[in-house]
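Copied over from TrEMBL, here are the features:
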type     : residues : note
TRANSMEM : 6-28     : transmembrane segment
TRANSMEM : 49-72    : transmembrane segment
TRANSMEM : 78-97    : transmembrane segment
TRANSMEM : 123-149  : transmembrane segment
TRANSMEM : 155-178  : transmembrane segment
TRANSMEM : 185-203  : transmembrane segment
TRANSMEM : 223-246  : transmembrane segment
TRANSMEM : 267-294  : transmembrane segment
TRANSMEM : 314-334  : transmembrane segment
TRANSMEM : 370-389  : transmembrane segment
TRANSMEM : 395-414  : transmembrane segment
TRANSMEM : 426-444  : transmembrane segment
Amino acid sequence: MVSNLVIGFGITLAAYLVVLVAIGWYFNKKQKTVVDFWLAGRKLGALPLGFASAASWITGGGILAVTAMYLLGGLGSIWTFAAPNVIALFLIGLLVTKIKSLPAITQPELLEQRYAGSIRGPVAVIISIVMILFAAADISGLSLIFGVFFGFDPLFAAVLIAVSVSIYVLLGGLSAVVWTDVIQYLMLAGITIFIAIAVLFSASDMGALSIGDFITTSAPAGWWNPLSIGIPMILIFCIAIMPGWVSEHDQWQKVWAARDEKSARNGFFFGSFLMLLIFGVTCCLLGLGLRYLYPDITNMGGAEVAMLRFISDNFGAPIIIASALGLTAAAMSCTDTFSTSGGSTISRDLYQRYLKPDATMKDLKIVNRIAVLIIIVGATIVSFLPINIIEFIHIATYIASAAYFFPLMGGLYWKRATKEGATASLVVGFVAEFAMVAIDLYMGTNASGVYYLETISPVFTCHGVILGMALSAVTLVVVSLMTKPSSVYNLAPFFPDEAKKLERDEVSQVNEKSDEYQSYQKALKIETTGERESLHLEVKASAPLNWERFTDELTKNNTAWFTSAGRNTVYRLTHGDLLSCPSISRGQDEQEIWIAAEPRLDGSNIAQVEVYLAYNEISALLKSMGILSNLIVPEVKA
């Protein structure tokens, strides 16, 4: 018979899901392009970005695991997970100017723009695997929570979160993810802080101390020492974890989704503070109090459920339901982010890039949603592997650090990095790290909980990720220096001195007072988003286009046009700011062509002329192919 507790939780969860679905439905009506779905139309402000960047890394299982680390290891354990989280978000905030200027929707697309060649596919596959592992940690953690509170079977818990997240993410894309994350952070923070206060009151009462005295006197010697694990181990954990998190795909997409650089930078700084509040302060106090209340706990398995045990032992149904909902919100806030981020690589970097470059926006809207489901289903299956919550996250992070950190960051800051070097670095790093993880998981741990490879040599600590990263870095440098430098077209968007080689003056040749230009202006849709303007022009052809033939002819007849990352998007490159250069993609159907540019406000007039020139070149090409074209004038809302 179903208990009243389960019924109450079911009703509360259903009401909560109605709110999330309503948010998804609201944003579904606003979506027109893949940028709207994957990057929230590049309109996010600092506040939602801050909440989303923090919430997407604070999972329900993560709260339990971080609390358990403090309980067993004291403040020094902050370096094994919590501190790298906080620092990584802050570092992303420092890198915003560089990241935000890059004209990509995904990191695999960015890497192809930088290197050309076939690197995009392997990176997309690796990122998809990493996102599945991250999401699996969330589902695994929620299964633990539901098992303790309600006795749910792990399969039921996994299916519940998978279905719940799918509903609102499939509707609203990143916009739904971000705004539901705002709600979810407030819920998880509220319940976690409430439980922390309750734990401290209970522990201080047991010891007949004030809360202040309890915090300062109850811990054993060394518990409050942040360096208790030793400087070498602190460096190992930071080097092993932070590169993967600083270069994490889902957070870079949030930078690209920001309204402007200021919003992105402040958002990530705010997110770093919000992360510190939960993982750095609240979980630490929880660990201190729970250690005093449950001195019998000596292992990670018992420590992970200590918080749940306290809630069940001390509160009735309303608080248990509220706690379960808060921790469920934490799990959802991570799962939705990872499913959206991983789904974008499947949709844009695998399907559109390799299977159907001429896919219309209508096609992509369907594929986008299927891709999200693939990540969620994959994570649900993987969550049943015998791996604990933090280990899922660590393995995913180590793979990211070893595989694509150096190809990505090397490409942004080292001009001499080549496609051959980046591809070799990616493969060597991934294969080495994957092999070391597989060996460790197969061989298991010794009686002290140390993995097999680490017992051979300290160099294999953290599944040998530092060795994997070293192999990746050396491979990038050696192979790049042995191969031909990248083309100026691939370097220009990343290095200003290379961009100057492509600059040309065409704007002065256009008569902006002509009837043709005035007609074009009426069809041009202009929308201001932060320090940039979004220019959008829709061209309608008189017959369906063979996209492959059209793009081939366009790039052959006009030297400014080039395909930096596949046929799905073609750029007219005349200067280094690729975002402000006109680009074309397929519209809603096979007869529509969309021309877009995102210039800075002070360069909007020039960009409008460049879009006009792009339209003229496209129109002339269509005419030579026997196809007429006309501009679609946007409807004016009353």
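Just so it is clear, glycine is given a Cβ too, placed from its N, Cα and C backbone atoms.
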For the transmembrane segment (6-28): best-contacting stretch of 78-97, 155-178, 370-389, 395-414, 426-444, by Cβ pairs under 8 Å: 155-178
Paired segments the transmembrane segment (395-414) and the transmembrane segment (314-334) in contact, 3+ CB pairs under 8 A: no
Paired segments the transmembrane segment (185-203) and the transmembrane segment (267-294) in contact, 3+ CB pairs under 8 A: yes
Dominant neighbour of the transmembrane segment (123-149) in 223-246, 267-294, 370-389, 426-444, by Cβ pairs under 8 Å: 370-389
Cβ contacts the transmembrane segment (370-389)/the transmembrane segment (223-246), at least three under 8 Å, sequence gap 6 or more: no
The transmembrane segment (49-72) in contact with the transmembrane segment (426-444), cutoff 8 A, at least 3 CB pairs, sep 6+: no
Of 78-97, 155-178, 426-444, whichever stretch has the most CB pairs under 8 A to the transmembrane segment (314-334): 155-178
Spatial neighbours of the transmembrane segment (267-294) far in sequence, C-beta under 8 Å, 6+ residues away: 44-55, 57-58, 62-63, 66-72, 75, 78, 81-83, 85-87, 89-90, 92-93, 96, 185, 188-189, 192-193, 195-196, 199-200, 202-203, 206-207, 214-215, 218-219, 223, 251, 254-255, 258, 302-303, 306-307, 309-310
